[in-house]
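A.B. asks: My structure is below; once you've seen it, I'll send some questions.
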Amino acid sequence: MGRCSAPKTIPPDRFRPVCWRKPMKRTTTGETSVATLVREIAADHRDHRGPLLPILHAVQERLGCVPAEAVPVLAEELNLSRADVHGVITFYHDFRSEPAGRTTVRVCRAEACQALGASRLVAHLQDRHGVQLGDATDDGTLTAEQVFCLGNCALGPSAQVDGRLYGRLDEARLSALIDSAVTR
């Protein structure tokens, strides 16, 4: 058997630390064009392996969404097809093409949560809060989305309110969580 001849240390010129989420200041599209912003973000991540996801997260963090005009710029910058970039954006639930409301509610619609009453929570969202799944309220305070499994199956029905996971929800508790988040 041969011995591994890999060096014990990595030469400095070959080591690049990976920073997946740089703290960035949120900006509006009026300050700079979307294409310019996307190119700047892509340049920051160009030397990383698999830079598309970190770039998409950074774009969404800065703009509140990944607008359609960012797709061809990203494709060009990363030497990918537009279909590849669009496919990644639409595959992952975290990326959105329209800005979300200030509070985001994600209701789990997987089998376990459905069996325990997730459809009642969805109906309650529509009736009490006036928001359809996939939409935001007219005043921009609330966005409702459906996801298929939050990994909290034993405590269904589950939902996330502003990224925080809650289980064993009923209509009253969901409304209380939403009201609390909206008034923060």
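Positions of Cβ are set from backbone N, Cα and C atoms, glycine also.
Pulled these features from TrEMBL for this protein:
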BINDING   CYS108, CYS113, CYS149, CYS153  [2Fe-2S] cluster binding site
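I would like each feature placed in context: is it buried or exposed, what are its neighbours, and how far apart are things?
C.D. replies: Taking a C-beta cut-off of under 8 Å and a sequence gap of six or more, CYS108 ([2Fe-2S] cluster binding site) has these contacts in its own chain: ALA118, GLN146, VAL147, PHE148, CYS149, LEU150, ASN152, GLY156, PRO157, SER158, ALA159.
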A.B. asks: Provide the three-state secondary structure of CYS153 ([2Fe-2S] cluster binding site) computed with DSSP.
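C.D. replies: Where CYS153 ([2Fe-2S] cluster binding site) sits, the three-state DSSP reduction gives helix.
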A.B. asks: Can you list the residues of the same chain, besides CYS108, CYS113, CYS149, CYS153, whose Cβ falls within 8 Å of the [2Fe-2S] cluster site's Cβ centroid?
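C.D. replies: Counting only non-site residues, the set is ARG109, ALA110, GLU111, ALA112, ALA118, PHE148, LEU150, GLY151, ASN152, GLY156, PRO157, SER158.
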A.B. asks: Below 8 Å Cβ to Cβ and six or more residues apart, same chain only. Which residues does that give for CYS153 ([2Fe-2S] cluster binding site)?
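C.D. replies: Listed in sequence order, they are ALA110, ALA112, CYS113.
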